[in-house]
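So the structure is just underneath, and the comments pick up after that.
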Amino acid sequence: METSNRKLDHLRITLLEDVEAGDTWLDFVKVPHRAVPELNLEEVVTEIEVFGKKLSAPLIVTGMTGGNEHAAKINAVIAEVVEELGLGMGVGSQRAAVERPELEWTFRIARERAPNALLIANLGAPQLLKGYGLEEIKKAIDMIDADAIAIHLNAAQESFQPEGDVDYKGLLNKLSELVDKVEKPIIIKETGAGLDYESVKALRELGIKAFDVSGSGGTSWVRVEMYRAREKGDEVLATVADWMSSWGIPTAASIMEARAAAPDALVIASGGIRDGLHAVKSLALGADLVGVALPALKAAYEGKEELKKFLKSMMLSIKIGLFLTGSPAPEHIKGKAIVLGPLKEWALERGIYEEWLRAR
């Protein structure tokens, strides 16, 4: 199937169907309340700098869409709002536009509507193993004048696509050839199944300095592919996708894994971040930045004001969360999370708990 048509399928399904599965485990994260915060709420600072761009809060809309007219309209709405609020955004995979230049405008519109915002380009890891190199990466970056590029990992999703790219052999070698040659920072981004300690450590050793965990508990791209398989009459593939739709590392655990493996890296918490409390807990776990996708996509589909209301609510939640923990700025809330139940058991069984304590 042509890439742009597949992306249209994905957009339609994520907007209309129940595509969430798994559990973020953020319910097993507690952040102690500071009864005497010794702060003035109005003086709490939420601004941070990421890739040379100042953000008014540690919050971005992570990439989900592009490559067709409907996606372009959504990207335009998101771009206008993040520009107005001083936030950032990523676009969905740009493969379709790299291969068909007439689709570039569906992504470029993001920079046109957000001339000053942090923008993150996006290409898939499997394409790097099928011939993509510096030329295609540069094309994706230049297309939206991006400040960074996400290389997304989606082995789980690809496993359930009849046309899926399931050869990941040699990816580390390929990335090692590119990491020092790409002009902009590279973000390694999962897509709903979470980043693990071993992968992050290996990637950090290559020189990668930014990771978007995109853990389980939010949008399940396996579940999205389940709907596509049903529509095509492939009941075997649909059944297996249904069984495995909750596959992945819960977002809270993935934040801990990434932070333990790469104490000095930028860690973006995403995957099932649905409200401001989730954002505060993610920052307390050790994330530098919080990413939202599906709720922002659905709000943008309703219109600019709906998205603005959602993002402003997230921003205010973060500010109040910092205040209530005695944290004058985002970096001060790191290390204040207490992890309980299966999340702590996971960290102990995985042998990352002590490293996480030191790194957060």
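Counting starts with 1 at the first residue shown.
Cβ atoms here come from the backbone N, Cα and C positions, even for glycine.
Now, the feature entries from Swiss-Prot:
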type: BINDING; residues: Arg6, Lys7, Ser93, Gln94, Arg95, Gln157; note: substrate binding site
type: BINDING; residues: Thr62, Gly63, Met64, Thr65, Ser93, Asn122, Lys189, Ser214, Thr219, Gly272, Ile273, Arg274, Ala293, Leu294; note: FMN binding site
type: BINDING; residues: Glu158; note: Mg(2+) binding site
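Residue with the densest Cβ environment among the binding-site residues Ser93, Gln94: Gln94, by other Cβ atoms within 10 Å. Within 10 Å of the C-beta of Lys189 (FMN binding site) there are 27 other C-beta atoms, taking all protein chains into account. The residue listed as 'Mg(2+) binding site' is 12 Å away from Arg6 (substrate binding site) when you measure Cα to Cα. Distance between Cα atoms for Lys189 (FMN binding site) and Arg95 (substrate binding site): 15 Å, as a whole number.
Within the same chain, the residues at least 6 positions away from Met64 (FMN binding site) whose Cβ sits under 8 Å from its Cβ are Leu11, Thr14, Gly92, Thr219, Ala293, Leu294, Leu297, listed in sequence order. Between the CA atoms of Gln94 (substrate binding site) and Thr62 (FMN binding site) there is a gap of 14 Å, rounded to the nearest whole number. Counting only same-chain residues six or more apart in sequence, the Cβ atoms lying under 8 angstroms from the Cβ of Thr62 (FMN binding site) belong to Met89, Gly90, Ile120, Lys189, Asp212, Ser214, Ile268, Ser270, Gly291, Val292, Ala293. Across the residues the record lists as binding FMN (Thr62, Gly63, Met64, Thr65, Ser93, Asn122, Lys189, Ser214, Thr219, Gly272, Ile273, Arg274, Ala293, Leu294), the two Cα atoms farthest apart are 22 Å from each other.
Around the Cβ of Glu158 (Mg(2+) binding site), the number of neighbouring Cβ atoms within 10 Å comes to 20.
Between the alpha carbons (Cα) of Glu158 (Mg(2+) binding site) and Arg95 (substrate binding site) lies a span of roughly 15 Å. A straight line from the CA of Ile273 (FMN binding site) to the CA of Gln157 (substrate binding site) spans 20 Å. The binding-site residues examined here are Ile273, Ala293; by Cβ neighbour count within 10 Å, the least packed of them is Ala293. Sequence-distant contacts of Lys7 (substrate binding site), defined by Cβ-Cβ distance under 8 angstroms and a gap of at least six in the same chain, are Thr65, Gly66, Gly67, Asn68, Ala71, Gly92, Ser93, Ala96.
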